[in-house]
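Structure first, then comments.
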Amino acid sequence: MDLLQQLQNQLNQFPSHTKLLLGFSGGLDSTVLLSLLAKLRKKQPHLSLRAIHIHHGLSQNADNWAIHCRQICQQLDISFLCEKVTINPRKGIEADAREARYQAIANHLQDNEILVTAHHQQDQTETFLLALKRGSGLQGLGAMQIQSVVFNLPIFRPLLHCTKQQLEQYAKTEKLSWIEDESNADNRYERNFLRNDILPKLRQRWQSIDNAVQRSAQHCFEQQQLINELLNDEFNKIYDKFDRTLSIANFATYSILKQKALLRTWLQHLHILMPSTIQLDNIMRNMIQAQEDRNPTCRLGNQVLRRYQKRLYATPILQDLSHIRLDIQANECINLPDNLGEICLLTKNEHLQVTWQNKQILLPLTQEKIEIRFRYSGKVKLPQGFHQEMKKCWQDHNVPVWQRTRIPLIFYGNKFKSAVGFFNNCE
């Protein structure tokens, strides 16, 4: 079966995939897939096809590669995007380039559009062996699937069961032109080391190793899917779809293995980087088994796991706002820091109406300076007439500890007046 027919068969299995965004590096693999998709589009005019090239700026040839990719797309009448990204070498070039690449693609992906990549069978072998080197479990050893989600991006890999030799033969027959990335010869990169030094020897000894690895990866994937299916009912009982939190109130009744599996399932639902064995053990010890009065945290990638009242939360990395003070006047709106949105103070019927995140409060008008802060540790006078510590007020409103310094507090001069949307100081 030729490549075009294989591609057609894969697309037939996913009839909803009619808007495609091809990740186009300009290398042999993506050039072959671009050619195949262009041919297929002639047969299926309803197919929407665009290509995106990520300019990493890591090579002195990067500008020429972008020009080459643009020219190829122009020849095929395919809409072309080029996005420049900045790589942070301190995070590791391979990992950061991958993350930056997916983030750039996410910025351009349209509704109902799916990212298409040219991963093939030999790429699958490399991915499997790298996961094995890291000590991955079933999730990691499942490697790549024809359709999956990575960094919240839907990805379609229609060539995953095709060999590199098939792609090379197609490129030769069609007289395609492509770029050669000189970094592919640099064995300091783990994938290159496997590709250039290790796998040729394995293939010389065992000619069918790529097929065998692909079967093993599929077995691992299916076993992980079965575990997810068996855990599904239990998981749904403890997972809150509204705030995406996980209850650990009854975790002590589960085996340690089941606790870890439920944690992984939750992280997978949130598309959070899977923890290493050491990280998972730390989460179990420092978060699940910690004393109830503790507020432990654990960072995973760009997310932070937190615990409050026997539930686990996942939040972005939050800016410390406790020191911030913002002046504001009546009939003024200002933007709050760290993406907290806009707050407005409007005079209305001899009161000051404060609006923030669909919450409203009314305060008396004042001639004093009005200030927004994010921290107060004194006492609050309640409508019932008695005073209560600020901490107890937050607890009564079930506000997690880390959110308490992200709620705007209104001050008249140095006097606390309101935690917007939650409670007022009746002094």
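Placement of Cβ uses the backbone N, Cα and C atoms for every residue, glycine included.
Taken verbatim from Swiss-Prot:
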- Ser25, Gly26, Gly27, Leu28, Asp29, Ser30: ATP binding site (BINDING)
Query = Apart from Ser25, Gly26, Gly27, Leu28, Asp29, Ser30, which residues in this chain have a Cβ no more than 8 Å from the mean position of the Cβ atoms of those residues at the ATP site?
reply = Phe24, Thr31, Val32, Ala118, Trp178, Ile179
Ask   = Least buried of the binding-site residues Ser25, Ser30, going by other Cβ atoms within 10 Å?
value = Ser25
Lowest local Cβ density (other Cβ within 10 Å) among binding-site residues: Gly26, Gly27, Leu28, Asp29 = Gly27
